[in-house]
Every structure is written in C-alpha cells, then in structure tokens.
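Per TrEMBL, the features are as follows:
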- 44-51, 161-164, 190, 198-201: ATP binding site (BINDING)
- 51: active site, proton donor (ACT_SITE)
- 75, 167: (R)-pantoate binding site (BINDING)
- 75: beta-alanine binding site (BINDING)
Ligand code: AMP
C-alpha cells in the first residue's frame, strides 16, 4: 500500500497504476479494449465498518483503489467539532491495508488549501434543506473539496455512503451539471447489530446517550414496516412523520434538529396529506438529532416498488 501526503506524489502513484493491466475489458465500437479503472473512497478518517464497506465495493469494482483521509475544515461551521473531530491515523492505515487499498492520500490542510481559496462550488436547491439548512455553508465545503479531490485523483468511480443521502444527491447533481467524468456509486448504510448507523461521531456518545440513540433507527425501521404493510401503507406523510417524531420523543435525551420526508434524489417536499402508497417516486425519511453536543444523522430510503408492491 502506497501512502502519499502530497498531490504530486498522488498523481504520480495513480499514473503508475494506470499503466498496469486491468481486471475488466470494455466493448467500444465492437472492439474489446482494456481499461484500468480507478475507484476512489473519500473520507474524513477514524475509519469504521461503514467506510470499510465502501472500500470493499471499490475493491470489487475497480483495479486500483484510492482512499483519502482528510478532515476538511471548510465544511465545518464556526461552532462545530472541527478541532475535536476524532483522528487515528495508525488505526486508519491498518483498516486500509486490511481492505486491500492501493493508495492512501493523507494531505495536510496546507497541501489541500495552499493559498486562500477564492473558488467554491455551490449546488443550489438541493443544499437548502436538511443538513444544508442546519449547517449553512457545509455543502459548499463538501462539493468544493470533493471537486478538488476528483481533479487530483481523476477516478472512474467514486464511492459514497447513503448514510449521507443528501451528500449523494448533491454530488450526483454536481457531477452531472459539470460533466465530471466519474460515476458516483451510492453504498448502503452499515449499522451496528442493534441498529445504530455507524459514524465516527458515535465515540462522543455517553453510554446513556448511545442507548437512547437507538430511537433513530427504531423510528426508521417502523417506517419501513409500514411501507411494506399493505394495510398501513395508506398512512399519510403527516402520519408517518408523527410516528417518527413520537418514537424519537420517547428518548428524553434526544433533541430533534429535523425530521423530513422528501423525494430522492430530488429532495422535494411531499404534501402532508399525501398517502405513502400514492407517492410516485423514491422517498427518504431523514433525521438529524442531537444527543448533548453530538449531532447524529440517519435516514431510510423507500424505493417506489417497495411501497407499491403490497398495494
Ligand atoms: P466521513 O468520513 O464521515 O466523511 O464519511 C466518508 C464516507 O463514508 C461518506 O461517503 C459516508 O457517507 C460514508 N459512511 C459513513 N458512515 C457510513 C455508514 N454507517 N454506512 C455506509 N457509509 C458510511
């Protein structure tokens, strides 16, 4: 595994890998060509099984797997947890090695932002709700750093977790709008055995908060049950929201930031009186809930076919 900290070294290492052979062949105008594919997994480190699942998917689909670990300051607000964000480089490198990553990119802030940045990428509309509303400027930080990383790595495939469903929608929009030559591969949410979605921020939780944080996944699993139940998928969006809210409110330590039910990936709001079974698109139910100073997010995606299959 090659570990690089500078952009020039990263480009060099990738160029060398691209000259190697390939595990897949491609048909182009009737001819079979060999193409070396690069899969990219951007992270902020403190790696867990959620990150590992992205590396595994990348390992499966690409010839070369590049992992980046960078806690990106420009996506944190002034009162957020940039300074206390958990870090453990040695452990992260072990995880990367175990997952068969080829190249790890570990830049410093100075390497990523050597001069005051005057260019930002802003995706409109999709960034105005959910975490975009609670964390002003957050998504500009995300799209800007991801665009920079894409320009450094030039990946064919880039892997992102549906844990951050809005991020997937925003990045997909950016890639399409700017004709970036990369395919975004969304990967399913990885959870603990008891349902809690894995997150680097879970380490902040006290034992009591950790226990109560289970209301997030529990409330979302109830939505899944309702959507799959022919007798109950006539619930309205309002009723679904109420159900989620009352489940979360059963935890005295939970401080709800938002509960939203939107189309996915368009992130358009649904009418409260609309019945689940009448919605013609995929839906996400997305939550952000604070436990003390720790803000957790989670979501569930209901694919149209799932909701309608029991009608
Ligand atoms: P982060 O290090 O939190 O910025 O996350 C890096 C990538 O890992 C993002 O694409 C996240 O969506 C993804 N990720 C984080 N947690 C999970 C999880 N529990 N399941 C699947 N993907 C995840």
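The backbone N, Cα and C atoms fix where each Cβ goes, glycine too.
Structure with TrEMBL features highlighted.
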residue: 44; record: ATP binding site; DSSP (3 states): coil
residue: 50; record: ATP binding site; DSSP (3 states): helix
residue: 75; record: (R)-pantoate binding site; DSSP (3 states): helix
residue: 162; record: ATP binding site; DSSP (3 states): helix
residue: 167; record: (R)-pantoate binding site; DSSP (3 states): helix
residue: 190; record: ATP binding site; DSSP (3 states): coil
residue: 200; record: ATP binding site; DSSP (3 states): helix
Notebook entry, point to check: Where ligand 1 binds, which of the binding-site residues 47, 75, 190 are close by, with Cβ under 6 Å?
Noted result: 190
Margin query: If I restrict to non-local contacts, at least six residues apart, and a C-beta distance under 8 angstroms, what lies near residue 44 (ATP binding site) in its own chain?
Written below: 69, 70, 71, 72, 85, 200
Notebook entry, point to check: Which one, from the binding-site residues 75, 167, has the smallest tally of other C-beta atoms lying within 10 Å of its C-beta?
Noted result: 75
Note to self: At a 10 A cut-off on CB-CB distances, which of the binding-site residues 47, 162, 190 has the highest count?
What the structure shows: 47
Notebook entry, point to check: What binding-site residues among 75, 162, 167, 190 are found with a C-alpha within 10 angstroms of that of residue 51 (active site, proton donor)?
Noted result: 190
Notebook entry, point to check: Hey, how far is residue 162 (ATP binding site) from residue 75 ((R)-pantoate binding site), Cα to Cα, in Å?
Noted result: 18
Next item on the list: Write out the long-range same-chain contacts of residue 50 (ATP binding site), meaning residues 6 or more apart in sequence whose Cβ is under 8 Å from its Cβ.
Entry: 161, 163, 189, 190, 197, 198, 199
Check: At the Cα level, what's the spacing in Å between residue 47 (ATP binding site) and residue 75 ((R)-pantoate binding site), rounded?
Finding: 19
